[in-house]
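A.B. asks: Right, I'll just put the structure down here and ask away after.
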């Protein structure tokens, strides 16, 4: 039995609110149960120096948790003077995944920055970030077409992400904090709505896992992510 | 005529939502029109080194704007590796004001950290922060009494803050962004609900201001802040 | 009675030495009693990036205390690797005040940097800095006209600053360290020699202050600053 | 055909030199073809603050590339003043994997730091690091037993790592730089010599990958890692 | 002929003002011609962590130039967020030299920090710093004996320093900026008043120098430093 | 008697391996006994900003010790976020010395960066670095001529460096760690193969040294460096 009383494959109630703030070209509040992440997509002219002159665009991401998004207060990274390894790892993951969903040539020499700020954390902040960021990205791309910055939609597919893991010996989907902190294995899976994989990151926290367990987790991920695609579609329609 | 169509002394609709997030001991979302600040008060055992052994508590504050809280995206301070001068100035102001409202001896050797994170900005983020932080502080102090950490309420008074300024020659209250960016003089006033002043910061942005103008602005501030005390009281009742 | 044996409105002996060092275009040592600040104004061609192409000049300031300017040694900010909040706050204040005294258009695309380095501190370092920096600025502007960099004098007015406060219940002017550290309220006032206000920053350190006390402090400031204008004029003649 | 002329499953010649330097408790130079990493394991008394008092040990890792380990010179991270996201990600991965191989309770309150410094890079530096670090760890643990710091061997299993990927549509093992920079998908797999998985990190660089491709890559990884276990065993015997 | 019109061995007028500021235990303004350095020695209880429990004291130094001590303004190191290599090199040199003059055991577990802040620079700031710092150190040690912190004088000898160099083929002493910037070789020599060497640092800026030239420079240094010892003695008497 | 059993003037076995790594234009592993330094010279088009437009080249250097190059592990400078004073001092010394050996005009607007990374330390890392860096520089310059980047060889002379010191009262050459850590005086001498001095840095660690001792040390240095020139010549032939 899960602390959340959910079945092994049951994901939390997910809610997506578009236009959550007024300034960003794409602004989405995504909630995976008690996990709440604000995903703001900003459109900027030009690309970073290393991309200049290639006629291609760029997508980058930044991730942060508000200091009291968690049970106990964490130090503010701006006050500490640097972003931690976990933060850098997550924002690299978000950006890489979003870029895999977009034809950068069709974006022209423009940059989209997606800020994922965790307002409240209860496990799965990186998967919620990616799932919400994709919707914010869709809105930012619509804005670009409306403004005539680009002509066609550079989006190749939708992407969404979910965490799966092995908790007290059983593979489960969409772990919340209590489950995550106790899980033997933690895996994040990012997929396209064309049924392919963008990223698989499985980590043995305590016990190594078998190939069979890996496959069971991948199956749970596939099912859960398909539910997320439905929710994204509803939000965007 | 103000861009906001408000009368000179008219403040924006103000809304205060308590228990906005689940983890913080005091969690308040305050809205001054389109300006939205999340104020989370965290209670920690112990005090900073320079306060140790005095039997007194401490209150500190941190302030930040989400990168896309504003019209155009600002760099994330954590990514730049340091907090800017404006940020440090504002968080020092918030903390100093809150400390003026509390009997630190009655707090025992405990620290309250108030995080003011601006979700959306439209002028007046520091005055909204202070006004909301005071409510979050009240909730955190209640929590401490409920948990038996302190016996009596260390709060000496409520505090609230408002911006006033001179816009096209006329003193006005509670400036929003369009007004603020064009104002000749900008002043922030922080008061106690006992009718006294905690802080007065008036700055000539373009034109120096006269003693008469100063007094007119102070009058507007007094009126506006009294409205804020009513709204705080309603929220807390 | 003040520890300094001065009357409530009596300011300390003030001395202004021009051409204190040989390299800077304007170099002033200003002394407010035992407080000694070296104000060096440097003229540079060009403006910061955010000002480019507007045909206007810029004035900025930096402030620092020598580590042993104070009773006990403070850490050197260069060694700690960052400037503290107090430092940033003061240098922003100095620069903002000086800019209010100058017609930036008449300055052309040139920058003046004023370095205020506190050699010895005994209260009022920021007000001494501003009062001395204005004289150094005058000398730097003369230099620019002599060199043909600018044709006319961009100075709109002189500025000077003084601290006032409430000490053991009585408003007093120009607080020295012993008075400042015990004062209930501390206020810095910056004025033009045309009788207007540039900046008012009043802070309740322990006790909130009344509107009447505010007015008394403003009166003391006005009188004291007028004395400073006389001293500036004598130094410049 | 691979640029390396190897078959799809063929790994590069791997060489492990123990006692490569004289000071470290475990010192291993590992070569995967032209990729050369020096893995030094240092034994220190005590544990980091967050581990104190639990009677358990800790293992951490640091990773770096010499500036000219690569085709063109990269900036030195010490000179830039911070470690990049890629570096932090890799050293977190190395440390996490090593900890999964050790019973931290049997280590006592001691810390082992493993430094993986890349002398020359040609793809697969993180997998070479992990494979070499495990051997350096074994030597450091032997040293601890010899010195009487610990009584029994806390090693639960050997670990080794390999990269696999999809290159021009075909899954291949142990990618060198030319292959890696062009691969559609890149995956790092870390396993125990008990046949289980410690970490799986698959990333679509350009094209998303199918579940079938994932399984093919996993198969290649398993075969390659088993060869690495043989080479480790030979080196240690 | 030297730009300074001095003879090859002639040093600049040197002036030493003790008690230049009021707070430091030793406070000396030293002038080597137009080079002016304020040397403040601060006495602190305790020693740095790496010296604890050895019953010995410690002497350290910090060096800085005011931004406009030089012909053109240099960036402030506190604003740049780090001390440059030249600064670190000089302050290490000052501290090492002062420690060579003191019996650290007789100092007890106390630390003396000497801050050398260059008010105005015209060549030879490091040699002026060392020569002035030694006098400030003497005053700080007297203060310690007066306060009963130490019983006996831990000073083993006086130290002083001078720069010598080869300018247009001729060895000269005490180079000022115009000479220094053009010199083929630059050498700093630090000696004890017992006729021995503490530090010799000779650098070929453009042309390598011969052993004969080295000896000529050493001779000039010896003569010049002996004059400095006379000036120190007069200042201290 | 020296701990190393060497005679006073006897240097350690020195070995120079060219083309130690495959990517750098010049790559040399130099060994002074147990001290091993990898010197990689990288050729880059262009010069730093302060050199632009002068038609001259630039040579710079970076120095670092692997964390476990030493008896006990040192913190990694990249992890600490800054290079220490010793590191900066050494890399400035290496670069300055190399520049003295090259006609920068003949280099054209190109930069050579020499990275000296200490793999294993046993005293004399800076002198080994300089001696090895000169050989790497020769190879990088050959590469530039081969590639047609420059026409003629800009090298004016070879340089080499050795440490000398006073150990238990006796001047000795090429100190290893055990000798260095106990030496009363430590001196580094850098010479050209034309018999001239590039740099002399003598430091009294405990006892001041006499002019006679200085001359004895210089004599030892001259002899030792001449042996190094032979070894360089053999390596390059």
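Heads up, the Cβ atoms here are built off N, Cα and C, so glycines get one too.
What you see is a predicted model, and the numbers here were worked out from it, not measured in a lab.
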A.B. asks: According to TrEMBL, E:124, E:125, E:126 bind phosphate; which one of E:80, E:86, E:168 is annotated to that same site?
C.D. replies: E:86
A.B. asks: Taking the Cβ of residue E:124 (phosphate binding site) as centre, how many other Cβ atoms lie within 10 Å?
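C.D. replies: Residue E:124 (phosphate binding site) is surrounded by 26 other Cβ atoms within 10 Å.
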A.B. asks: For residue E:124 (phosphate binding site), name the DSSP secondary structure in the helix/strand/coil scheme.
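C.D. replies: It is coil.
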A.B. asks: Within the domain 'Exoribonuclease phosphorolytic' (E:10-140), how many residues are helix, strand or coil going by DSSP?
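C.D. replies: Residue counts in helix, strand and coil order: 43 helix, 43 strand, 45 coil.
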A.B. asks: Taking the Cβ of residue E:126 (phosphate binding site) as centre, how many other Cβ atoms lie within 10 Å?
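C.D. replies: Other Cβ atoms found within 10 Å: 25.
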A.B. asks: Find the average pLDDT over the domain 'Exoribonuclease phosphorolytic' (E:157-223) in the predicted model and report it.
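C.D. replies: The answer is 96, the mean pLDDT of the model over that range.
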A.B. asks: Taking 8 Å from the centroid of the Cβ atoms of E:86, E:124, E:125, E:126 as the cut-off, which other residues in that chain fall inside it around the phosphate site?
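C.D. replies: Sorted by sequence, the hits are E:63, E:90, E:118, E:121, E:123, E:127, E:128, E:129.
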A.B. asks: With an 8 Å cut-off on Cβ-Cβ distance and a minimum sequence separation of at least 6, pull the same-chain contacts of residue E:125 (phosphate binding site), or say none.
C.D. replies: E:35, E:37, E:65, E:90, E:118
A.B. asks: Among all protein chains shown, how many Cβ atoms are found within 10 Å of the Cβ of residue E:86 (phosphate binding site), not counting that one?
C.D. replies: 14
